[in-house]
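The region 'Disordered' annotation in TrEMBL covers 1-42, 63-100. What TrEMBL lists as compositional bias 'Low complexity' is 9-30, 68-78, 85-94. What TrEMBL records for 119-136, 148-168, 194-213, 284-305, 397-416, 428-447 is transmembrane segment. Feature annotation from TrEMBL assigns domain 'Fatty acid hydroxylase' to 230-368.
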Amino acid sequence: AREREQAKAPRSAAPRGGARARASGASGARTDPHGARGVGWRRADRCRRPICEAGPIVGCRGGAFADPGGPQARGRAQGARRPRSQPQQRQPTARARRGAAMASKPGVMYDFPWEPMGNYKYLLLAPFAVAAAAGLDDSDDWCRHMVLLVLARYVLAQLFVTASRIHAISGKHRIQKRGVNFEQMDREDNWDDFLILQALVMTAVHWVLPGFANFPLFSWRGLAQCALLHAGPTEFVYYWFHRALHNHALYGAYHSHHHKSFVTEPTSGSCHPFMEHLGYTANFAIPMLGTWMLGGASIGMFYFYTCAFDVLNLIGHCNWEFVPARLYQSVPLLKYLVYTPSYHSLHHSRVHTNFCLFMPFYDWLGGTLERESDGKTWTSDKLQMEAMQRTYEVPDAVFLAHGTDLLSGFHLPMFFRGFAKNPYKEHWLLYPLWPLAAAMCAVFWAIGSVFTSHVERVNGHPVQTWVTPRYGFQYFLGFEKRRINRLIEQAIRDADRMGVKVFGLGALNKAEHVNGGGAIFPKRIGEGLRTRVVHGNTLTAACLLREFAPGTREVFLTGATSKLGRAAALWLCRRGVRV
C-alpha cells in the first residue's frame with residue numbers, strides 16, 4: 001500500500017530508489033544480480049531461454065559452474081518477490097519448445113518413428129550389442145561391426161564438438177561470431193537419429209539382399225570405386241535434391257528445420273526430419289551398393305566411407321576455419337573438390353547458394369557458386385582469409401567460475417553437449433567416469449591454469465566465462481588458498497593486460513575465508529589496475545545504487561544487515577543520505 005501511495009505521489013515527494021530499495025532489500029536488486037548494462041550473466045537455471053541477444057556460443061545451463069550462493073539464490077530462499085514492473089516470466093512448455101524446433105509447416109513423415117520413445121530409442125541398438133556379446137552373430141560378425149561403427153561415429157562427433165567449443169582452439173578463427181542459443185541446442189538434441197536409422201537400414205539390406213554378405217576385410221580397389229561413385233552419382237544427386245529442398249513447399253515442410261541453425265555446430269549437419277534423412281540415406285547408399293555390385297566391397301569400405309563422410313560433414317558445420325588458405329592457393333583445383341567450413345557457412349547465412357554436398361565443382365557447374373561483385377572471386381575465399389587472419393576478441397567483461405564436485409567437470413560445454421545444456425545434477429551414467437574425473441582433478445591441480453569456458457554476447461558486448469581449475473572442496477583446504485589466490489591474481493593481471501573492463505569473481509573465488517571477498521587483489525596489484533574487480537554482491541549493490549535519483553536525501557531500506565544492504569547503506573551514508 002505504501003508503494004502504491006508513493007507511486008501516486010509527485011516525483012519530488014517520493015524520490016526514485018525508496019520503493020526500489022524496499023523491493024530489493026536483502027534479496028538483491030530488482031534486476032539480475034550481475035545485470036549492469038553490458039555486463040551480465042543471468043542465472044541460467046532461472047529460465048530456458050538464452051541470456052544474451054544472440055545466445056551463448058557454448059553453454060552450460062547453470063549449476064556446476066554458476067554461482068550457487070549468488071544474491072538471487074539467497075533472494076529466492078528468503079521468499080523475495082519481484083516488483084510489479086517485472087512480472088515472473090512463464091517457463092515455455094514442452095509443446096511450445098517442440099513447436100519452436102520444427103519446420104515452419106511440417107510435412108508427412110516429419111518425425112522419426114521412435115521419437116515417442118525419447119532416450120529409450122537407444123534400445124533399438126541393443127540387439128546388435130546382445131548378438132555380438134552372446135556369440136549370436138553371423139559369419140560376417142555384422143552386428144559387432146555395426147556396434148563398432150556407431151561408436152566410431154559418436155567418437156568423431158564428440159571430437160569435433162570438443163574442438164569447436166575449446167576457445168583456445170577455435171575461438172580465434174570462428175566464422176560466425178553470433179552465438180548458439182538453447183532453443184537450437186534443444187532442437188539438435190536428436191542429431192544422432194540418423195546413426196540409428198542407417199545402422200538399421202544397412203542391417204536390413206545385409207539380411208534381405210542376396211549376396212550382400214561374406215565381405216573381405218579390406219580392398220584398396222573397392223575404396224577407389226567407392227570414392228569415385230561418391231564423387232559422381234552421389235554428389236550429383238545430392239546437389240539437385242538439395243536444390244529441390246529449397247523449393248518453397250519442400251523448404252517449409254522439411255528443410256527449414258535444418259536452416260533454423262543460422263550459426264552451426266558440428267552436429268548441426270545431421271539434424272533433419274525423417275523424410276529428408278530417408279532421401280539422404282538412399283543417396284548415400286549408392287557408393288556402397290555400387291562398389292558391392294562392382295565386386296570391390298569390404299568391411300573396411302563401410303568404415304572408411306561412413307567415417308570419411310561424417311568427418312567432411314562435421315568440418316562443414318563446425319563454424320571455425322582451420323583449413324590453411326595457402327593450401328587452396330597452391331593447389332587451385334582442390335577448392336573444386338573439397339569444400340571448407342567457410343564455404344558451407346555461406347549456405348546457412350545466405351541460404352540459396354553453395355548447395356553442394358562436399359564438392360564445390362557442382363555449384364560451379366550449376367551456377368550457384370557465391371561470388372563477390374567482380375564475378376570472379378569466391379566469397380568463401382574471402383571469408384576463409386578473414387577468419388584465418390583474426391585475433392582473439394577482447395571481452396568487455398569476464399566472469400570467473402570454478403567446479404563444484406568432481407563430476408561437474410563434465411558439465412563444461414566442451415564435453416557432453418546434452419549434459420552441459422541442462423542444469424547440473426549428478427547422473428548415474430556419469431558414475432563410471434569417476435576415475436577419469438579424479439585424474440582430471442589431479443591434472444588440474446598439478447599443471448592447470450585459468451581457461452576460457454564460455455564466450456557470449458550480452459547486448460552486443462563480448463563477455464567470457466573463465467574457470468579456475470579447482471573444485472569446491474579445494475577451497476576449504478588451508479594449503480590450497482595461496483595457490484588458488486595466485487591463479488586468480490594472475491587471471492586478473494591477464495585480463496587487465498588484455499583490456500578487460502570488468503572482472504567478476506564467482507562462487508568461492510570471492511569467499512571471505514579465501515581472499516576477503518576479493519579485496520586483496522586490487523591491493524596486491526596496485527594503482528596500475530584498470531580492470532574493475534567485482535562479484536555478485538558488489539555488482540548488484542552498484543545496480544541498486546544506480547536507481548537512486550540525484551538529490552535523494554532520505555531512503556527507507558529493508559535488509560540493511562545483509563551484504564547488499566550493508567554496502568548500500570554505508571555508500572549512502574557516506575554521501576549524506578539519511579538511511
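Positions of Cβ are set from backbone N, Cα and C atoms, glycine also.
TrEMBL entries are annotated by machine, without manual review.
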Stretch with greatest number of CB pairs under 8 Å, the transmembrane segment (194-213) reference, 148-168, 397-416, 428-447 candidates: 148-168
DSSP-derived helix, strand and coil totals, residue by residue, for the domain 'Fatty acid hydroxylase' (230-368): 98 helix, 1 strand, 40 coil
Contact ranking winner - 119-136, 148-168, 397-416, 428-447 against the transmembrane segment (284-305), Cβ under 8 Å: 148-168
Mean of the pLDDT scores, which run from 0 to 100, over the domain 'Fatty acid hydroxylase' (230-368): 93
Sequence-remote partners of the transmembrane segment (119-136) [C-beta within less than 8 Å, at least six residues beyond its ends]: 112, 143-144, 146-147, 150, 193, 196, 199-200, 203
Intrachain residues whose Cβ lies under 8 Å of the transmembrane segment (148-168), provided they are six or more past its termini: 58, 125, 128, 191-192, 195, 199, 265-267, 302-303, 306-307, 310-311, 314-315, 318-320, 413-417, 451-453, 455, 464
